[in-house]
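Following: one structure in structure tokens, then a few remarks.
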Amino acid sequence: MSDRKAALDMALRQIEKQFGKGSIMKLGEQAEQRVSTISSGALALDIALGVGGYPRGRVIEVYGPESSGKTTVALHAIAEVQRNGGQAAFIDAEHALDPVYAKKLGVNIDELLLSQPDTGEQALEIAEALVRSGAIDVIVIDSVAALVPKAEIEGEMGDSHVGLQARLMSQALRKLSGAINKSKTIAIFINQIREKVGVMFGNPETTPGGRALKFYSSVRLEVRRAETLKQGNDMVGNKTKIKVVKNKVAPPFKQAEVDIMYGEGISREGSILDIASELDIVQKSGAWYSFNDERLGQGRENAKQFLKENPEAAEEIESRIREHYGLNGEIEVEAPSEEEFEDLPLDLK
């Protein structure tokens, strides 16, 4: 038995010498037992994700119909990372990012790294270089459907390019997944929806880019508009449902409902009010909302406005919600140290 133990110890030392410290270990000896996360910027989504935000070092896919709020969800994650002193990058393959809207959502556009690549290969190579630097906390690729292979761009309009994009995504994710995990970068891929032709039974909807992204994603979010929010006769936003379709770090299939207000993004006050009402932290009597025997307002929109004008009350309610769900605020953003980066295998630097 001792000979086997000695042989195993020698093998482990050899592996660590060749591939770096931490390349193999016993599961219980891992330095970080708890999943390290960064808040999504939406309280309801943090709760639905089960761990208080997006897990670091993982691939996230956000998909849904057009104008459902996919890019808004991703921009809120960028704003949250920047608020905590982290670095973010946005690969704009659709060439459609609105800097004015991003700024309104809290994104520091002066610090945001932006690339508008010409081809899918270029986009993914830029993403790979940024991830391997070890200095990026979140990178957003918008969108997978717009990652057009070079052969398709250089070819004629009517040419058939079957499976090219799927092959590109499969190859890219094989290379990226290890580097994403080592560098603790959150990679958010935004995706569109297509319909499969001739499907008689079941859901005909599918996402472009093949199956690879579905497999490599630790979290998949489906974003859909539920209803239009009105103030009088004016349409002011959308109530949006975000369903956690896949989750490798917590139980899946939870759902978050958020208000996406036009020109403002996800309403923090709306999420606080809805969740606090469910937990009876905020009491609702008829149309009136009250907290600590103080009336917040008559009707949901008035109560939201009160919380916007009184951030102290909103903070107190939010802290009680986080305490109830065991979400102890945002987790600090830290880039890998020079020592950690030196430990990476050469092919992951």
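Glycine is treated like the rest: Cβ placed from N, Cα and C.
Feature annotations, courtesy of Swiss-Prot:
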| type | residues | note |
| --- | --- | --- |
| BINDING | G64, P65, E66, S67, S68, G69, K70, T71 | ATP binding site |
| REGION | 328-349 | region 'Disordered' |
| COMPBIAS | 331-349 | compositional bias 'Acidic residues' |
Nonlocal neighbours by CB distance (under 8 Å) for S68 (ATP binding site), same chain, sequence gap 6 or more: V223, R224, R225, T240
Spatial neighbours of E66 (ATP binding site) that are distant in sequence (at least 6 apart) but have CB under 8 A: Q192
Assigned conformation of T71 (ATP binding site) - DSSP reduced to three states: helix
Packing count at G69 (ATP binding site) (other Cβ atoms within 10 Å of its Cβ): 24
8 Å Cβ shell about G64, P65, E66, S67, S68, G69, K70, T71 centroid, ATP site members excluded: V223, R224, R225
Residues that sit under 8 angstroms from T71 (ATP binding site) by C-beta distance, when 6+ apart in the chain: L97, D142, I190
Residues that sit under 8 angstroms from S67 (ATP binding site) by C-beta distance, when 6+ apart in the chain: R225
Site with most surrounding Cβ atoms, counting all protein chains shown within 10 Å, from the binding-site residues G64, P65: G64
